[in-house]
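> My structure is below; once you've seen it, I'll send some questions.
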Amino acid sequence: MKSSRLLAWIAIAIGALYFIVPLIGTFEFSLRMRRGEYSFDAYQSVFSDLQFRATFGYSMLMGFLTIIFGMLLVVPTAYWVRLRLPQLRPVVEFLTLLPLVIPAIVIVFGYLRLYNSSSWLPLTNSTNGTNLLLMFSYMTLSLPYMYRAVDTAMRAIDVATLTEAAESLGAKWPTIMFRCIFPNVMSGVLSGAFITFAIVMGEFTMAALLNRPAFGPYLQLVGANKAYEPSALAIIAFAITWLSIGLLQLVSRFQKTAPAKA
Amino acid sequence: MSFLTLSNIQKSFGPVQVVKDFDMAIEKGEFVSFLGPSGCGKTTVLRMIAGFETPTGGTITVAGRDQTSLKPNQRNIGMVFQAYALFPNMNVAENVAFGLKVAGKPKAEIDARVKEMLGLIHLGHLAERYPYQMSGGQQQRVALARALAPKPQVLLLDEPLSALDAKIRVSLREEIRQIQQQLGITTVFVTHDQEEALSISDRIVVMNAGRADQIGTPAEIYNRPSTRFVANFVGTLNLIDAKVIDPGENRIAIGDQGVTLREPVAPAKAGDTISLALRPEAGSIAPDAKGETALTGEVVSSNFLGSVIRTRMKVGESVISFDMFNSPGLVPPAVGETVTLRFTAGDLLIIRD
């Protein structure tokens, strides 16, 4: 074996240890709730906690709503920019990258300043209004991933020519959008959707400062007050993320846009 | 009255005028090709007929109806694109049925029409295939069937063969022409390939810098190019400078050799320089070659091109190419050899531009 190959394997092993050892340690610790033997008591305790169910359900609902509204915002925007306003592309790309640069706490304080009870649009006056604001916050956070996933999917299918082909066959905008464009960027939309879902399930700052009963603040609360359950929750959160990534991989294989044979 | 009429069409993108005063009348069932180099405006004209571009000036009528301001989806004009543009999420049958579904046709009618169209392109057995499972040639045939399915008034073909390899290109262009004649559909075909345009068109529009330089049948375009650009662009051509000796007798000189033309030399005067065009295949150096006109020169090169041997000879300041059909016993002239090229005076065309 060449020395460079050996070094590569050593690097991979160190990297794997760095990621896997803490995870194994956390998992092992989560099984130690019962004294003297391994058990799933911590998981049982987490799943039987009503607050877990409530916060998990709330975050899942917020995740689905964020995905739906995010799709409705991002797909037509990416389509329009690609088709009619290509000169605006750098501007839109810059805007969609901002949530990665601006800390979430700054964004949420901005929201609170703009939409507090004494503002022109007092969204925080009601529970539903605050829920709406939280959903928009999640949409903002997921924008860099959602936009790029959809834009990349659109790049793969010559959107302009497909639109013209559909128009020449008599199709109007809704038909073009929902029968010709949407199905062909679905893998990108779903990729963005799974990333969005993973973000929403673990997000803490926005939900805590808007005082909503989401899964992120619940994770923090349990972590501060209990011993074994936080480890069980960390493993559960990892499982959700991996499931999302697995689904993302699966979906990307279903795309029917392989290159044509010569 | 013509079926498709383009009157005084103009198109500018910002300060750049890409189509200038374009006039064209196309008869019903005619196959017209727009031929020209990249950037000459041929695709822009096609896109204006389709409705994807709005003319800066002028009108477009189909069957007497002004279409200039109609949206593409209101025109009933079928289009085939260079990049096929099949919907990747739909199989062949669904792609062909798309326009019919959009038009709200009953299912039975759609099924029958799809079957008919797939039969027309001989791909009935691939109805369930998706575009990514097909070759480029098959995809383009499906695109043609899809464009024809809603029975459009006009069929537009935007360089549909450019992305295909040479063999498929030839077979598909013959298939396109056969289908067009079978259906009698008015067709506009855009290409930069002169062989394609010459082989399948009723008429050709040779475009240059946003204008139609010449409109005519393939034979007219090839045999009687009206401008230097057309002469240069269509086929291989010798452009020869000649000096007018006697305008009354149509007598000119190429180098120091006198030739009498059939075309009137006027309004050129004695001593003027004029441009003449001569196709490489027009003459022959064989001892029994026919033709009342002859030019003698020295061979400067001789190239084997497969079916023909192209020889270049120097006459005065001009270098003239001529072709000889290849045959097993043929010995091409050697470089430096003096040969006499014979041709008929009518083969020498005056280029006036």
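Every residue, even glycine, has its Cβ placed from backbone N, Cα and C.
Automatic prediction, not curation, is the source of TrEMBL annotations.
According to TrEMBL, the domain 'ABC transmembrane type-1' annotation covers A:56-249. Look at TrEMBL and you will find A:7-27, A:56-79, A:91-112, A:132-150, A:185-210, A:230-251 tagged as transmembrane segment.
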> So which of A:56-79, A:91-112, A:132-150, A:185-210, A:230-251 has the most C-beta pairs under 8 Å when paired with the transmembrane segment (A:7-27)?
A:230-251
> In the same chain, which residue numbers or ranges, 6 or more beyond the ends of the transmembrane segment (A:185-210), come under 8 angstroms Cβ to Cβ?
59-60, 62-64, 66-67, 70-71, 74-75, 104-105, 107-109, 111-112, 124, 130, 133-134, 137-138, 141-142, 145-154, 157, 216-217, 219-220, 237, 240-241, 244-245, 247-248, 251-252, 254-255
> If we skip the immediate neighbours and take only residues 6+ beyond the ends of the transmembrane segment (A:91-112), which ones have a Cβ under 8 Å from one of its Cβ atoms?
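Answer is 77, 81, 124, 133, 136-137, 140-141, 143-144, 147-148, 203, 205-206, 209-210.
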> May I ask for the residues of the chain that lie six or more residues beyond the transmembrane segment (A:56-79) and have a Cβ under 8 Å from a Cβ within it?
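Non-local partners: 92, 131, 134-136, 138-139, 142-143, 146-147, 150-151, 154, 159, 177, 181-182, 185, 189, 192-193, 196-197, 200-201, 207, 212-216, 218.
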